[in-house]
Amino acid sequence: MAHLFLLAFVVTALLIFLGLKLNLGRWFLDVPNQRSLHSQPTPRFGGSILMMVTLIIAMLYVLPIQSASLIIFLSALCLVILGTLDDRYSLPASTRLIIQLISAMICLTQLPLNALPPGSSLIGTLLLVIITAWSANLFNFMDGLDGLAGSMAAIGFTGYALLLVQLPPTPWAQALLMLCLIIIGSTAGFLLFNRPQATIFMGDAGSITLGFLAAIVGILGYKLNFWSWRTPCLLFWPFIFDSSYTLIKRIARGEKIWQAHRQHVFQRMILAGLDKRLVLGLHLIYMLLCLGLALYLESQVILSDFLIMGILVIVSITLCNSLLKKLNAASKNYVA
């Protein structure tokens, strides 16, 4: 299946290169604002190309293996279109959220494999929908540093792929493995142009859809007994924790959480004077540690997933609070 990775990598890289040469970015410029860490207008159509390549190749190669995966690709396509329109016209946040929730609801309820808990109540159904929409948005929130969101996607889906390749070749296991390899390849092709200093950004079309697919693959894998519910959380923990921690802190301070900000941990590190490449490098180490932990624990007999995740939350909060205190002392750009 390595050819799927290579195909996605080459096509994505080639199309982005051509797009930049043809100056397509003039219609999709990310103009710096109060949330931004960049200072110059930068094209942000990379995610549109990344995801369209992913979905087209997936439909060609994955659908023949598992036709039921069509609903995943159609739901993702809706989000790509939504994100592309938002990258071009800056749609209202309420419009984006409603479409994200509808896409998640349709995808989760239409998959013919009982992705929702048996006999689940409306609350249980809505919980999974909210989790999926939150995953889509947290990827979008964290897409503020060159190479960060692309690296998280590449490493997270690599974790899925390493687990799927060990399973018996059932249609769903093969379909999800192929999808993951395609996503990894497309993301790698995009990262050629997104590493510091980036010549192109992912935009909402890429970040929202990647977050959506990260949740959908995680949920399906859990419901098919491919892995524990803990595993997707660990694979994408750097984004899950930073986004959730920052959101809770902002709510506690009574801030308007729908407004742009620069309070994520990675933003605070840069505002404190750390080099962007160093911040990205530290996050890459963090992501790889989470990948290793997820793979290790998946091979062990664990008494309680809740205990493991509880310990991780406590350790993460403790370390994060300590880091932020040091950053506050080093930076005059942030007021707690």
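Yeah, the Cβs are placed from backbone N, Cα and C, and that goes for glycine too.
Source: prediction; values computed, not measured.
Summarising the annotation, TrEMBL assigns transmembrane segment to 6-24, 45-62, 68-85, 122-141, 148-166, 172-193, 200-221, 227-248, 278-297, 303-324. Positions annotated as Mg(2+) binding site by TrEMBL: ASN140, ASP204.
The transmembrane segment (6-24) shares more Cβ pairs under 8 Å with 172-193 than with any other stretch in the list 45-62, 148-166, 172-193, 303-324. Among 68-85, 122-141, 200-221, 278-297, 303-324, 200-221 has the largest number of CB pairs under 8 A with the transmembrane segment (172-193). For the transmembrane segment (122-141), the partner stretch with the most Cβ pairs below 8 Å, chosen from 68-85, 148-166, 227-248, 278-297, 303-324, is 227-248.
With a threshold of 8 Å between CB atoms, the same-chain residues lying at least 6 positions outside the transmembrane segment (68-85) that come near it are 45, 47-48, 51-52, 55, 58-59, 62, 91, 96, 99-100, 103-104, 106-107, 110-113, 136, 175, 179, 203-209, 212-213, 216. Within the chain, the transmembrane segment (227-248) has long-range Cβ neighbours (under 8 A, six or more residues past its boundaries) at 135, 137-139, 141-142, 152, 155-156, 159-160, 163, 211, 214-215, 217-219, 221, 257, 263-266, 283, 286-287, 290-291, 293-294, 297-298, 302, 305, 308-309, 312-313, 316-317, 320. Sequence-distant contacts of the transmembrane segment (45-62) (same chain, at least 6 residues past either end, Cβ-Cβ under 8 Å): 4, 7-8, 11-12, 15-16, 19, 24-25, 27-28, 69-70, 73, 76-77, 80, 83-84, 87, 175, 178-179, 182-183, 186-187, 189-190, 193-194, 200-207, 209-210.
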